[in-house]
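Shown next, in structure tokens, is the structure this report addresses.
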Amino acid sequence: MPDTFEALSTNHQLRAINDALSDGDFVLVQAKLRSLAPCDVALLLESSHSRIRTEIWQLIEPELYSDVLEELSEDVRNGIIRNMLPEKLADALEEMDTDDLVETLSSLPEAISQDLLASMDEQDRLRAQQGLSYGEETAGFIMNTDAITLRPEISVEVFLRYLRLKGQIPENTDTFYVVDREDKLIGGVALTKLVTAAADTKVDTLIKSSEAIPVNMPDNEVASLFERYDWLSAPVVDENNRLVGRITIDDVVDIIREDAEHSMMSMAGLDDEEDTFAPVVKSTQRRTIWLGVNLFTALMAAAVSDLFEAALSQLAVLAILNTIVPSMGGAAGNQTLTLVIRGMALGHVSANNARWLITKELAIGFLNGIIWSILIASVIALWKQDLMLGAVIAFAMLINMIAAGLAGATLPMIMKKLNIDPALAGSVILTTITDVVGIFAFLGTASWLLL
């Protein structure tokens, strides 16, 4: 696959900066860093070895610290923060948007985050503490508190004069929110309406009902609402309908990207924030537990095979064919598992349709089992000149395909009820089930009919 423009650009910049660092030309490095957007500087840092990373960071202008830190992955950001002077770190954090500030503080050790909070001015400390008071992966945790509000009784001219005096509006502002004197949300007024309305128009004539997001709504549900209604921003309210912040489309893009990375990395038992260039010992520690779980599940499958040691020793052909049934079951089960996890993430799967979905996947497993059982029976009968052996593997294939469909459909639902991430552990458990059922069905049936 050809390299993307981003990859080529990053490689070129990284090579140029590495060459300049090797030559001791720090002025050139600083010039190159100044020419890059904060997101590109962050990408360069994430693409560098930890030693080079430290050298690059020391050459970044302090006023850019907050913008670059916002763009970094958690592992890389925390590594850089550990080497920053407390006063410079505090200055950088105070410049951050609320959602990035809250995320950064929550990822740090408790003692460090408390020290940083204590060093902030009262306004920044309060906005950080408000975000930290909400659970992670909720609307309150990812919202910004920079929403500009207005009263319904004022005129458009008065509000526009206020904006001119203020001199700026928050990024990604497409709507201003109208609140009463208790800060309870009344609705929203589109920016386009305000700039095109007559100066003496009252705001209350421009109000449009604005669907609010509860502060404790899970962030994946927030993303689903943005996708469904094509929102650019949305207000966030507490249990009393008081406006506490807003979520914008850039926050939602981050949620979608993080969820996708989490799902992909979880399949291999990895942390989605893991630094690609983390130290060897640290990376080894993170991966060892997952490998241990996989070893345990493999031993379970081996233990089932051991129950039929006599059959395997008498019929060597069973050992040759023993991997076919578990492999097919695992592939079929993972198809179902992936479909159900995706459906749950999108809100398509619920208690209302779970029974129908399970029945459907059982039927698919049965039909696929029939199709592939007939095919494998024919292949084995012709290959080994043994009709009974073909019948045995066909029966085992049918049983395992049905079991795979059932396990793939029900495991994510059960794990969600137990507050276990199905994307993280579902595949391992499913593979164990299909391996055990497949081996037991094949060797058990063979022991009964062929010996």
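Glycine residues also receive a Cβ, built from the backbone N, Cα and C atoms like all the rest.
The average pLDDT computed for the domain 'CBS' (143-205) is 94. Marked as domain 'CBS' by TrEMBL: 143-205 (among others).
Under DSSP, the residues of the domain 'CBS' (206-264) split into helix, strand and coil as follows: 27 helix, 16 strand, 16 coil. Per TrEMBL, domain 'CBS' is recorded for 206-264 (among others).
The annotation transmembrane segment is assigned in TrEMBL to 362-383 (among others). Counting only same-chain residues 6+ beyond the ends of the transmembrane segment (362-383), those with a CB under 8 A from a CB of the stretch are 321, 324, 328, 332, 336, 389-391, 393-395, 397-406, 409.
The transmembrane segment annotation in TrEMBL covers 389-411 (among others). Long-range neighbours of the transmembrane segment (389-411) within the same chain, counting only residues 6 or more positions beyond its ends whose Cβ lies under 8 Å from a Cβ of the stretch, are 317, 321, 324-326, 328-330, 332-337, 339-340, 357-358, 361-362, 364-366, 368-370, 372-374, 376-381, 422, 426, 429-430, 433-434, 437-438, 441-442, 445-446, 449-450.
Feature annotation from TrEMBL assigns transmembrane segment to 423-450 (among others).
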